[in-house]
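Peer 1: Got a structure for you, written out below as C-alpha cells; questions coming shortly.
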Amino acid sequence: MPSDREKQRILRERRQAKMAKGGASDRLNKILSQGSSVKTSAVSVLDQPQPADHDPEGMDISTIASKPTPEPELDIDAMLNSVLGGNMGAGGAANGDPGSDPFTQMMMNMMQGGGPEGMLGQEGGTNPMSANMEYQQQLIAYNLYQQRKVRHRFLVVRMVSILANFVYHFLTISDFSFSPSANPFIRSIPPTSSVSSFFQIFVAIEAVLVAAYIAASRNVPSNNNGLLVKGISMAAMFVPKLQRFQPLIMKIIGCWDTVTFVLNDLGLVVLLFGLISFRR
C-alpha cells in the first residue's frame, strides 16, 4: 500500500502533467471563481508568451555582429603643428601660423640645410649651426694653407742650399774626383778634401733644416685629413679600441714626413751627380 509521501509525489506529477498539457489558465480561473459570482480572466504564467518564443530558429551572425569602426586617417601636418607649436602660447603655431613659431622655424631651417634666416627671424638673423659649419670649413682651409706654406718655403730653402753647395764644389774642384764615371782610372782617384766637405756641409744643412721643419710644423695645427687617419676613424666606429692608436699613427705620419724630407734631398743630389757624369 503506497505511503503518504508516494501519494503526494503521484499527485504532484499528475498536476505537473496537466499543467504541461495547457489549460492552466482555465483551471486557475475555475479555482479563483469558486464561491464568487464574478469570473476573472487570470492568465497563468505558463500560458504567457515568453521572449524566447519569438526568436527565429536560425539567425545569420553577420547581421548581428558589430561592424569594425573605421580608423581615422592621420594628418601628419596637423600632428607636427600640434607637437611643435601646440604649447608655445598665443603667438606660436597654435594659432594656425607655424611660420611665426621660432622653434618651428628653426626646425624647418635645419631640415632645409640652414639658410640666411635663423632663430632670430627673417630680419638679418643667422643660423648658429650653419655659421659654426662655415667657421669650421674656413679654419680647415686656413690650416691647410699654413701647412702648404711651410712646406713650400722649406722646399725652396732646401733646393737653394743644396744647389749652392753642389755648384760651389763643382766649380772649385778641377779634377774628376767630383764626377762619377765608369772609367776605372777615374774611379781609382782618391777623393780630395773638397769632396768630403761637400757631404759634411750637406749633412749639416739637412740637420738644421729638419730641426727647423719639425719646430715649424708643431706650430701649425694638423687637420688629420690623411687617408690612413680617416680609415682609422671610420674603423673606430665599429671597433672603438682602434681609437687609442690614432695618436701613435699621427706620430708615425710626422716621422714619415721628415724621412721623405731627407730622401727627396738625397734624390736631388743623386740627380745632380747623374747630370755631371756626362762630363769627360
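Positions of Cβ are set from backbone N, Cα and C atoms, glycine also.
The topological domain 'Cytoplasmic' annotation in Swiss-Prot covers 1-149, 218-257 and rests on sequence analysis. Among the features that Swiss-Prot reports, region 'Disordered' is placed at 15-59. The feature compositional bias 'Polar residues' is assigned by Swiss-Prot to 31-43. Under the heading transmembrane segment, Swiss-Prot lists 150-170, 198-217, 258-278. Taken from Swiss-Prot, the feature topological domain 'Lumenal' applies to 171-197, supported by sequence analysis.
If you look at the structure here, what lies around each of the features I listed?
Peer 2: Sequence-distant neighbours of the transmembrane segment (150-170) (same chain, 6+ residues past either end, Cβ-Cβ under 8 Å): 178, 194-195, 197-198, 201-202, 205, 209, 212-213, 216-217, 220, 261, 264-265, 268-269, 272, 276.
Averaged across the topological domain 'Cytoplasmic' (218-257), pLDDT in this predicted model comes to 73.
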